[in-house]
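Lifted from TrEMBL, the feature list:
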{"type": "BINDING", "residues": "Gly76, Val79, Asn83, Asn341, Leu470, Ser474", "note": "Na(+) binding site"}
{"type": "TRANSMEM", "residues": "68-87", "note": "transmembrane segment"}
{"type": "TRANSMEM", "residues": "99-119", "note": "transmembrane segment"}
{"type": "TRANSMEM", "residues": "140-169", "note": "transmembrane segment"}
{"type": "TRANSMEM", "residues": "226-247", "note": "transmembrane segment"}
{"type": "TRANSMEM", "residues": "259-282", "note": "transmembrane segment"}
{"type": "TRANSMEM", "residues": "302-323", "note": "transmembrane segment"}
{"type": "TRANSMEM", "residues": "335-356", "note": "transmembrane segment"}
{"type": "TRANSMEM", "residues": "458-483", "note": "transmembrane segment"}
{"type": "TRANSMEM", "residues": "495-513", "note": "transmembrane segment"}
{"type": "TRANSMEM", "residues": "533-550", "note": "transmembrane segment"}
{"type": "TRANSMEM", "residues": "571-594", "note": "transmembrane segment"}
{"type": "TRANSMEM", "residues": "614-639", "note": "transmembrane segment"}
Amino acid sequence: MPKNSKVVKRELDDEVIESVKDLLSNEDSADDAFKKSELIVDVPEEKDTDVVERSEVKDARPAWNSKLQYILAQVGFSVGLGNVWRFPYLCQKNGGGAYLLPYLILLLVIGIPLFFLELSVGQRIRRGSIGVWNYISPQLGGIGFASCVVCFFVALYYNVIIGWSLFYFSQSFQQPLPWDQCPLVKNASHTFVEPECEKSSATTYYWYREALNISSSISESGGLNWKMTICLLAAWVVVCLAMIKGIQSSGKIMYFSSLFPYVVLMCFLIRALLLNGSVDGIRHMFTPELEIMLEPKVWREAAAQVFFALGLGFGGVIAFSSYNKRDNNCHFDAVLVSFINFFTSILATLVVFAVLGFKANVINEKCIAENSEMIIKLVKMGNISQDIIPHHINFSAITAEDYDLIYDIIQKVKEEEFPALHLNACQIEDELNKAVQGTGLAFIAFTEAMTHFPASPFWSVMFFLMLVNLGLGSMFGTIEGIITPVVDTFKVRKEILTVICCLLAFCIGLIFVQRSGNYFVTMFDDYSATLPLLIVVILENIAVSFVYGIDKFMEDLKDMLGFTPNRYYYYMWKYISPLMLLSLLIASIVNMGLSPPGYNAWMEDKASEKFLSYPTWGMVICISLMVLAILPIPVVFIIRRCNLIDDSSGNLASVTYKRGRVLKEPVNLEGDDASLIHGKISSEMSSPNFGKNIYRKQSGSPTLDTAPNGRYGIGYLMADMPDMPESDL
């Protein structure tokens, strides 16, 4: 051993951590030698300095201040914009109340078991997604990196939606609301209504022209929309400030961001139920169409909604649970959060359709009034005989029932001439059947309904503040899914990483605040997350059930929770969930292949949407998004399977899991329990880099490259130590 080198030894604790016992439980006689092994750090000659002894400092992992704060964080992450504008649309589209049964079944089969699995591995291993899957199988470590990439893609466009909500929130402090009426255009001779607005509606015009100032195709950039650019910057500043101290700062904000949406939803529900027509909307919503429930498409869309509603595969669930105590009852958490998410979707659906029922009644009354005037004119002109009009009907105060009666009479009497009269049926169901989702529901349909509310600015402020809070709760979990695993693995300062991540995301996010930015949001939403997340969760399930071993995992859960989880989870994880996920993946690929890739572009001259296919470069971006998200999985597998990175490469991600040569000359120096280098506080130590190698010395045994069980000994032993970042290894 070079005499100018310093060697520091850290003896293992007598009380070996439980999961390490599990890993070594089936070992041979080499097990004792392994447990007595010594950790040796070879420091290069140029780093030779005196070792200064310091007091023992333990690098404790941050923890939630309370169980309530943790539950609110998980609820805030899982309950998002999709609960408000995706679930009601799917419920209406797929059989009304009948859709709830497939959704509930799939929540029990896919949602809760997989949510419980992610909570368990995060709490057990106390690492972010990268560290968790590195620990379970280094060759599958790419799962964690893929989760981070998907989280970053989703964060890019998800925060744009928060920016839109901030814009509408800032514009809501006006009476009347700026989207209440179509604007007037003045020229030299006269004043007239804006043609684009007159052809569509005031709220539609405001969304596409005033807010987005949208271009007519994705190829037409149109430059930056400065209003939305400022709103996007504000959204990223809020996220950065909330996340800069990790759960210590974001956890406190959760009390407001997670609870406030429920206050608003309850207020909206009470207010909407007092409005005329709200019951019609709710009745229409929950009128079951059982025949639709038998269609495979309904089950596919229900499974996808369960999957994304709980935030599976993003890494946020794992990151949040990694800050829990080891004995926390994560099974209770999984069931509680899943059902809170489900009932939130039901509550949001009630609110949406109560408001849409009111809106449909307002539009229907307007339709009846306009068509009644047409009937009066037709009677005066002699096109319709006065004799067929029932005497009890008063056109100045006509009801919906009376209008239906007149319409049916005229239709029967003027059977051949009826189409030429241009009369409308004015049915509430026709308006309610106009399915809207996503931005169309929030920024067009809901805003139009609120213009008819008494004190409409107040309700508009409350609604968009709710959207901002729902979005922020999900953003916190998404960003945590990026920051926590990177900090755990590479030991960088969380504050610096958070600022860099948010700044980089804002710069890339400028493509979403061009005039064509809405089309890019649609592209990222369709292609950056769906298939990659499905693949990630399938591999997570396989890694736990078949690579790590479902029996061993059940034993870990028994040791961690103090009781054995129901055997139901054993069969779900090993058989049912993988099959269901593979079926969902195949169905999604087939559906994506059958659906022409494209987007709905806003045509200014026609004041309507038109479906356009992506240009060639757009298709390249779509494919690249999916490939880049999945790419870390095969890359990490090949690198670690083929040992393509040497120990001396300096690659931080590989240091923990690479084989090392054995040094035969230990030096007995006292080591600090919290650090590998004696005299250094963990936070002060530099990360392993080129020239610093960590080796395993087997006491009384021949030179071995790996642990007795053939696995990478250092990674598997040290990854379970709760208070040591992976980069220290």
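Glycine is treated like the rest: Cβ placed from N, Cα and C.
Here the features listed in TrEMBL are placed on the structure.
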residue: Gly76; record: Na(+) binding site; contacts (Cβ under 8 Å, 6+ apart): Met254, Ser257, Ser258, Leu472, Gly473, Ser474, Phe476, Gly477
residue: Val79; record: Na(+) binding site; contacts (Cβ under 8 Å, 6+ apart): Ser258, Pro261, Ile340, Asn341, Thr344, Leu470, Gly473, Ser474
residue: Asn83; record: Na(+) binding site; contacts (Cβ under 8 Å, 6+ apart): Ala309, Asn341, Thr344, Ser345, Ala348, Leu470
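The Na(+) site is defined by Gly76, Val79, Asn83, Asn341, Leu470, Ser474, and by the 8 Å test on Cβ atoms against their centroid, the other residues of the chain that qualify are Val75, Phe77, Ser78, Gly80, Leu81, Gly82, Ser258, Pro261, Thr344, Gly473. Within its own chain, the transmembrane segment (259-282) is flanked in space by residues 72, 79, 344, 347-348, 350-351, 353-362, 364, 428, 432, 453, 459, 462-463, 465-466, 469-470, 473, which lie at least six positions past its ends and keep a Cβ under 8 Å from the stretch.
Across 99-119, 335-356, 458-483, 571-594, 614-639, the stretch most heavily in contact with the transmembrane segment (226-247), judged by Cβ pairs under 8 Å, is 458-483.
Across the candidate stretches 99-119, 140-169, 533-550, 614-639, the maximum count of CB pairs under 8 A to the transmembrane segment (458-483) is reached by 140-169. The Cβ of Asn341 (Na(+) binding site) has 25 other Cβ atoms within 10 Å, all protein chains considered. Residue density at Ser474 (Na(+) binding site): 28 other Cβ atoms are found within 10 A of its Cβ, drawing on all protein chains shown. Residues 71, 74-75, 78-79, 83-85, 87-88, 91-92, 100, 103-104, 107, 111-112, 115-116, 262, 265-266, 268-269, 272-273, 275, 278-279, 281-282, 284-285, 309-310, 432, 441, 445-446, 449-450 of the same chain lie 6 or more positions beyond the ends of the transmembrane segment (335-356) yet place their CB under 8 Å from a CB of it. Leu470 (Na(+) binding site) has a Cβ environment of 29 other Cβ atoms inside 10 Å.
Counting only same-chain residues 6+ beyond the ends of the transmembrane segment (495-513), those with a CB under 8 A from a CB of the stretch are 152, 155-157, 159-160, 163, 224-225, 228-229, 232-233, 236-237, 239-240, 243-245, 479, 482-483, 486-487, 520-521.
Residues 106, 109-110, 113-114, 117, 296, 300, 303-304, 307, 530-531, 534-535, 537-538, 541-542, 544-546, 550, 553 of the same chain lie 6 or more positions beyond the ends of the transmembrane segment (571-594) yet place their CB under 8 Å from a CB of it. Among 68-87, 99-119, 614-639, 614-639 has the largest number of CB pairs under 8 A with the transmembrane segment (140-169). Beyond its flanks by at least six residues, the transmembrane segment (99-119) meets 90-91, 93, 292-293, 298-299, 302-303, 305-307, 309-310, 312, 317-318, 321, 330-331, 333-335, 337-338, 342, 346, 537, 540-541, 544, 565, 569, 572-573, 576-577, 580-581 of its own chain at Cβ-Cβ distances under 8 Å. Sequence-distant contacts of the transmembrane segment (68-87) (same chain, six or more residues past either end, CB-CB distance under 8 Å): 161, 247, 250-252, 254-255, 257-259, 261, 305, 308-311, 316-317, 320-321, 323-324, 333, 336-338, 340-341, 344-345, 348-349, 352, 437-439, 441-442, 467, 470-474, 476-478, 480.
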